[in-house]
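The following features are taken from TrEMBL:
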type	residues	note
DOMAIN	A:18-83	domain 'ThiC-associated'
BINDING	A:152, A:181, A:210, A:246, A:266, A:267, A:268, A:307, A:308, A:309, A:310, A:346, A:373	substrate binding site
BINDING	A:350, A:414	Zn(2+) binding site
BINDING	A:494, A:497, A:502	[4Fe-4S] cluster binding site
C-alpha cells in the first residue's frame, strides 16, 4: 500500500449517512455482520434497504483513505484450504462447501444459503471476490438474485485525476453501485487502481488490455501475449475482482464488422481486431485462454467475457458479427468452468426493444446460463445527452428477461467523460431499471419498498416519502423548490395541485365520509341507492337502453355486467 | 380574442429554429403545406424530422401573441357541409369523405390517406381538431401511426402565471409535444386557456371538471350537471380539442378503492367519487353522457375518457377498481361512437412491467381498439425526483404494446409543479420512449434518423450528430464541457476515451488496413491465415482439443462451428 502513502494529495470523499437513514448490521453465523441502510419512519416503523455504500455511511466508522478499508475477508481467505487445487467460489460450491461469502450473501439477499451455493456451482451466479481484495463486502450476480448494477469510472488521457476517480467510486457506491469498473486509460493507471481497490467496499472490475496498450504506447500492433499476461498478473495481485477479456473477437470475425454502419465500438474489441489484422494471427486472448484461466483461478478472479463486437447502433443489432462472437464466448465459458474459474458474459450495446429478449435467450442457450452483464442496451440512437434514459428502457427490458447485472450509462455517453453528477444520475437511473426488473420478476422482497413509500405518500408523510426514495436529497430539493416552508412537509397537498385539487386529500375525505355513513361496501352503496335514488336508476337504465338501440353495426355490444341497473 | 388584447403583460416565448435545422414545408394537394424540420448535414445530405413546433421555429413567420397564430383551418371548416347531421372527422370518415385534415396527416405521417380515413372510421384513430381551434396543425392519434406524446401544463393555486404557462406551451411543442393539456386549477383559468389555445400549433386538451370545481369554490359536493355542462360548452366554444371526462367513476366502484394502498389518485376521479358519495347518486357524467356527446359532436371535440380509478401505486395495479372502470369506459366508447364523436381512452398510472401488456390487451378488447392514451405508467414507486425515467420505462413498454399516445411525466411528478426545464426534460424523455416504441413496432420510416445519427457519429461529424439528436443544445453543451475548442468538433475522438482508445477511430484504421491489404472478407482472411499462420492454427486446434478433453460432465460441448480450425 505504499502507493497510497506516497501520494501528497489525499482524495476527499463523501461520508456520513444518507439522509433519513443510518447504517445497521444484521448479525449472522460465524460473526458475520451484514450492513443494511435503515430508514426510520415517522410512524415508528422502519424499512431496511440493501446497502452497497460500505463504512463511508457508518457514523461510527473511521475513514482513512491512505490505510484503506478494513480487510473484512482477510481471515476468511487465509483460513481456507484449496479444493481440487482451486480456491475459487466455484470450486468450493461444486464441492458442496459453503463459504462465508455465501453465508454473507444469503443474509444480504434474504435467501437460503443453499440457493447461493447451488447457483454458483451451476455457474448461473458468480461471486466476484479476489482473495487479494479482502476489503470488499461479498455480493452475488445471478438471475435468481437481485439485479445488480455496475458503475464505470476511470480517467482518460484528456480528463480527470486520481482524486476525482476515488471520489467517484465512493460516490457511486453511496448511491447504490453494486460493482465499479475502473476503466482508466490515462496516466497513473496502476496508482489510480490501487487507491480505488484499497478503498472500495464493492468488487472492482477492469479491462486489462487498456493498461497493456499504455505499455506499448498505444499501438495495438505492438501488443503481445506476454505484455498482456504480465498486466493481468499485476492486476490480479492488486485485487481486481473481475476482468473484461475480449477473447471472442476472432480474426475471422473482423470482416463481419465491415458491413456494419458503426463497425466495432468496443474499445477492447477494436484493439484486438487491430492486433489480429496487423499481425495476421488469431487473437492471443483466444489462443492463450487456458493460461489466462490458470492465472485467474489462483486469485479467484471472475471472467467477464467481453462483447468486443457488440453493436454500436440500432442498425447493427443482433447481426452476424455480434452473434458469432457470442457463440465463441459460450465455448470459452466451458473452458473457464473446466478450470473452476467463474464466468459472466457481457452483452450489448444498442438494441431496439423488440430484439432485446433474443439476446438473453441466445446468451443463456449458448453460454449455458452464465450470468449476463449488459451495457444498457440503448433502445434508440437519437438522444445523445439522454442516453442514461434511452438505455434505462433497454436495461429494464433486458433485466426483466433475465440479465443479472446492468452496466450503467451516464448522460455523457458518446459525448465525454462523466463527472460526479453524471455518475450519480447514472447510478440512480440504473437502480430504477434494476428495481423495475426485480418487480417484474416478482422478487418476493422488493415490492415492500414501493409499498412503504406509496403508503407514506398517501398519508402525506412527506419526509418518509423522501427518505424511502432512491435519492432523498433530490426529492426534498424538488419539493422545496416551490414549497420551502417547514409546515409544507406535513401539509396535505403540494404545489402540483394545491389544496383543493389534491386527489389524495379528497380520497381521504371520501373514506372518512364513507365510514361515517356506513358506505364502505358495494352492498351498502347499492342499498342506499335503492332507498334514495330510484329516479337515477331509471335514468341510468334509460341511458343504457339508448345505447344498445343505437350501437353501430359491427361493434360489440357493451359487457352486460357493466349495465347500470 | 379580447382577452388577449386586454392583458398588459405579454408572454415571452422562445422563437427561431432549433439548432442545426430550419423549417421547410412539404407541398401537397389542396394547397396543403405540411411543416418539417430539415436538418442540413455537413456531407451535403439532409434529414427531415416530424415537426410539432408551429410557426415559432419559422424564421420567416411573424409572431404576434395578442393576435394568435394564423387560422390555418378556418376555411377548411367553413366550407364543409355536415354529414348525417355531424361535422366530426369520424362522421366524414365513416361516410367515405376524405377531409383536408386527413390529407395533411397523410403527408405528415408519410402514409396513404386511405389508411388515415379508414382508421378514423374504424375508431382506431382520432384527429383531435375542434372547429373552433383553426390555428392547430392537424395530427392523428392511433396505433398504426407514429406514437404521440402529450405535455401537461397549467398553473395551480399556489404556483405559476399565464405568462409562464404560454411560454411552457410553446416550449413543449418546440421540443416535440404533439398535444398539450392545460390543467390549470388556479385563478384565471379561462384567460390562461384563451392565450394557450389561440397560440397553440397543436391540439389542446383540458379536464373541464377542474374549472367547474373552481366555480363552486372547490367543494365537490356542490357540483352539478348544469355547472359542468356550461363549463364544457364554454371550453368547446373556446376551441379545446379534447376533454378528459371521468365518466367511468361510478358510485358502486367507489368502495372498491377503499381496499387500495393509495385510494384514488386521479384528481377528476376523486372529485367525482366525492360528489357521488356526498349526493348518493350516480355520477352526472355517466347519467348525462349522451347530452355530453351531443355537445362535443357539434364542435368535433374528442372524448378522452379518463381513468379516474387508475392505480397510484405498484400495489394497486390492475385491481378491481381499475378494471371495473375500464369496462365502463368501453360501454361509453360505444355511446360516443354512436353519436359520431371521436373517443380515446386514458390509462394508468403505476404498473409493474409484467402487468403492462395486460392493460393494452384489455383496453383493446373492452374499448373496441379506441386509441389508448396512457400516463407513463411508472414501473416503480421508489424514485420521486426521477419519475420521468421510471415512467419512460413503462411508457416505452406500453407503447410497444400498442398505446397510441403517451402523457409525459416530469421530474417534479409527486413533488411540485414542473417548471420550464422540467417540461423540456419530460418532453425529450417521452420523445425517447415514443421513438423506442416506434422502432420496436418496426415503423418503416423511423429508423432512418437513428441510422443518420449513428453514421454521423461513426464518421466523427460531431455537429451533424448533435443536430440530428432530440436535443442538439444539450448534446453540444455536454460535449463542450470537457472539449470546448472548435477543432474538437471535427476531432476523431472525445474526452470519454481520448485519441488512443477511440474504438471508432481504431475501427476506421482497421478498415483502411484491411482494404489496403485485401483483407475484406472471411475468405481472404482465412486464405491469408493458411499462408502465414499454420503455427497458430495448430495451436488454436490444440486449445480446443484440450477443452473437450477437460470439459465438465453435464456441460454441453462447444458448438462445432466455433472451433478454431
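Just so you know, glycine gets a Cβ as well, placed from its N, Cα and C.
Structure with TrEMBL features highlighted.
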residue: A:152; record: substrate binding site; contacts (Cβ under 8 Å, 6+ apart): A:180, A:181, A:183, A:407, A:408
residue: A:266; record: substrate binding site; contacts (Cβ under 8 Å, 6+ apart): A:246, A:306, A:307, A:308, A:309, A:310
residue: A:268; record: substrate binding site; contacts (Cβ under 8 Å, 6+ apart): A:207, A:209, A:210, A:244, A:246, A:249, A:306, A:308
residue: A:350; record: Zn(2+) binding site; contacts (Cβ under 8 Å, 6+ apart): A:311, A:312, A:313, A:314, A:316, A:317, A:376, A:377, A:378, A:381
residue: A:373; record: substrate binding site; contacts (Cβ under 8 Å, 6+ apart): A:141, A:150, A:304, A:344, A:345, A:346, A:347, A:403, A:404, A:405, A:406, A:407
residue: A:414; record: Zn(2+) binding site; contacts (Cβ under 8 Å, 6+ apart): A:384, A:387
residue: A:494; record: [4Fe-4S] cluster binding site; contacts (Cβ under 8 Å, 6+ apart): A:479, A:482, A:483, A:488, A:502
Composition by DSSP (helix, strand, coil) of residues within the domain 'ThiC-associated' (A:18-83): 13 helix, 21 strand, 32 coil
Stretch-averaged pLDDT - the domain 'ThiC-associated' (A:18-83): 96
Nonlocal neighbours by CB distance (under 8 Å) for residue A:497 ([4Fe-4S] cluster binding site), same chain, sequence gap 6 or more: A:503
Intermolecular Cβ proximity, binding-site residues A:210, A:310, A:373, A:494, A:497 versus chain B, under 8 Å: A:210, A:494, A:497
In three-state DSSP terms, the structure that residue A:310 (substrate binding site) belongs to: coil
Number of Cβ atoms other than its own within 10 Å, given for residue A:310 (substrate binding site): 27
Three-state secondary structure, which DSSP defines for residue A:350 (Zn(2+) binding site): strand
Assigned element (helix, strand, coil) containing residue A:210 (substrate binding site), judged by DSSP: helix
All-chain count of other Cβ atoms within 10 Å of residue A:308 (substrate binding site): 33
